[in-house]
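First up is the structure itself, then whatever we jot down about it.
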Amino acid sequence: MAELKNDRYLRALLKQPVDRTPVWMMRQAGRYLPEYKATRAEAGDFMSLCKNQDLACEVTLQPLRRYDLDAAILFSDILTVPDAMGLGLYFETGEGPRFERPTDTIDSIKKLCIPDPEDELGYVMRAVSTIRRELKGEVPLIGFSGSPWTLATYMVEGGSSKAFEKIKKMAYEEPATLHMLLDKLADSVTLYLNAQVANGAQSLMIFDSWGGALSHHAYREFSLRYMQKIVDGLTRHADGRQVPVTLFTKGGGLWLESMAETGCDALGLDWTVDIGDARRRVGHKVALQGNMDPSVLYGTPERIHQEVDQILSSYGEGTGHVFNLGHGIHQHVDPERAGSFINSVHELSAKYHK
């Protein structure tokens with residue numbers, strides 16, 4: 001593997017000194033880029049794009065050609081794990097992801113097998129190794145997975161949900177059944193992420209997109225508990241370096257202290273949290289990633305500049321901050337505005353690292 005030339009992102013996650021705040025964007029390889037749309041059209045559909053290692057590599061690299069970013073993130077989907085469990089993932093226009101065979105009974109959950117990441121998920125591993133090779137050490141590669149709770153919401157509901165009625169019914173009516181599912185998912189995700197590291201991922205992120213839908217105590221029982229299990233089982237060193245782990249619960253501002261106790265290296269923040277307040281609460285334990293509202297990218301370059309300045313000022317001096325959006329970039333954002341965002345981070349952050 002080529003020697004890493006830019007380790008700013010990894011250093012910030014480990015709270016080591018950096019010359020400026022590193023920056024990347026969630027969903028940086030995505031529909032806001034015309035070159036992504038062209039490659040997706042070539043693939044035919046979303047999952048065909050994910051399953052073609054060369055095209056997955058191409059879309060991973062596309063934002064790096066446009067912008068001076070400090071990390072690449074594997075192009076894939078959080079639902080690859082349940083798909084590999086045999087649920088029959090498909091995408092319905094205007095409806096998002098759906099499963100042909102939801103796991104909404106104890107019998108269906110008992111039948112689930114833990115997928116072999118080098119077999120049923122081998123296409124992801126081939127993409128990881130291809131991307132790592134083609135990056136040529138320019139920036140580190142982030143591997144990722146959905147959290148057990150978030151994956152379970154799709155599996156039990158049969159797809160996207162706003163009310164989470166089925167899975168919450170299971171949580172309170174048949175908690176042992178849900179725990180059985182979450183336990184299998186935690187084991188599956190641990191194997192999946194460790195295989196990503198073995199194939200070249202240099203940092204890991206767990207996306208808990210729907211943890212914020214839970215009550216205070218239910219979050220600890222059904223989400224955090226299983227992310228903790230994963231963190232405990234992850235490979236934390238590879239290629240002579242530490243492999244940092246970031247946890248991101250959308251809507252998780254209430255639980256930063258509990259999340260920081262898991263032993264992860266960093267927490268992702270959504271835009272509802274003041275990053276300076278988050279630093280005062282947990283900055284002694286973990287680095288922080290975030291957290292500009294993605295909708296700010298619809299604003300003028302001047303407004304974007306102002307928002308970046310405010311977040312940097314709130315965090316203050318020193319390392320331990322990776323600049324990002326508070327969630328994925330919207331598909332209708334002008335790529336020029338994303339460029340304004342990244343340039344503003346470069347321009348404004350150096351003074352906080354002298």
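Each residue, glycine too, has its Cβ placed from N, Cα and C.
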Co-listed substrate-binding residue [Swiss-Prot; alongside Arg27, Gln28, Ala29, Gly30, Arg31, Asp77, Tyr154, His327] among Ser203, Ser209, Ser215, Ser223: Ser209
Local backbone state of His327 (substrate binding site), from DSSP in three classes: coil
Neighbouring C-beta atoms (10 Å sphere around the C-beta of Ala29 (substrate binding site)): 24
Residues that sit under 8 angstroms from Tyr154 (substrate binding site) by C-beta distance, when 6+ apart in the chain: Leu79, Pro82, Pro97, Phe99, Ser160, Ser161
Residue among binding-site residues Arg27, Arg31, His327 with least C-beta crowding, 10 angstrom cut-off: Arg31
Residues that sit under 8 angstroms from Asp77 (site 'Transition state stabilizer') by C-beta distance, when 6+ apart in the chain: Phe46, Met47, Cys50, Pro97
